[in-house]
């Protein structure tokens, strides 16, 4: 795959980072061209300080480019001297990993691989590193090295080097940078965000996403604070429902004034690593029927002429309505219009849970506040 280069890094200080993003050819477009389209993927103890919320000199803005139908990608550097990688910035997972030069999987030959012997700060371990996603996984080992996100530096950062990869052949990134809470999957593998905070690199335990709807550029992830220029009005704060992940409670999901899903309340994960709006099969099927979406080749297609007549899907969260218009939940591609509502597999007896991916997050600026275990949402500019 050919990818446009990242926008130049806008480094405002050593404490806060904002990174621009660029929108790339979509996964749906790429896979459809190759006939490979599949279901890939799948008040408070304290407030943000006034300084962190408004002072541009303590926020680091880092550029990302948008792989619109999948997620947002940015460059990081690992090792001394630095080796560059394109990674997925993912709130749905916690680990950082990139391919190893010793990886034998076909996907590794298509991506940049880390060369341990070329880094003077590299430290190996004998610990196994396994990470599983909804339809993909990697196996490798845990290592330590210096990792840089723009001018933010995490020293002796633990991360995974893959030796085997499953399901990553057709993705545009080399590895994944998880921004989720720490998980006990690998001993000592503290997420990079936690280390940046622990090492005093960022001034607040906060990061935020502005995912631009523009095709080419404008999207950023920021660390250490919030830039008010990227949203309208005030942030509405929602407590996480499960400390340890970026899940929140949803009151209901309605269309045309009628509740169509989440009737008794439900859970939702705000996930920058997912493109779509994913929910239980029954709820998604009901919505597809309501918008007159027809199943074709594992997709649901609607009449492009009807988009202007379709109602918004309204996600009511903590008593506030967050409408998602049809222009956002329907994607036009090659003369067809596809529904961005997808089924999320659920375990037996699991309560209703949705994943709100970039279809939702492009509309609403999102702040992930680890210090208060909450998420802030406001209409994006």
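Using the three backbone atoms N, Cα and C, a Cβ is placed for every residue, glycine included.
Annotation comment: TrEMBL describes 90, 271 as active site. Summarising the annotation, TrEMBL assigns disulfide bond to 103-108, 262-266, 304-337. The domain 'Peptidase A1' annotation in TrEMBL covers 72-378. According to TrEMBL, the signal peptide annotation covers 1-15.
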Compute the C-alpha separation of residue 266 (disulfide bond) from residue 90 (active site), stating it in Å without decimals. 22
Output, ordered by sequence, the same-chain residues six or more apart from residue 271 (active site) with a CB under 8 Å from its CB, or 'none'. 90, 91, 92, 246, 355, 356, 357
Within its own chain, what residues at least 6 apart in sequence put their Cβ under 8 Å from the Cβ of residue 304 (disulfide bond), listed in sequence order? 332, 335, 336, 337
Model confidence over the domain 'Peptidase A1' (72-378), averaged pLDDT: 94
Using the structure shown, find which entry in 108, 262, 266 (the disulfide-bonded residues) has the sparsest Cβ neighbourhood within 10 Å. 266
Give me the CA-CA distance between residue 262 (disulfide bond) and residue 108 (disulfide bond), in Å, as a whole number. 40
Could you tell me which of these disulfide-bonded residues, 103, 337, has the greatest number of Cβ atoms within 10 Å of its own Cβ? 103
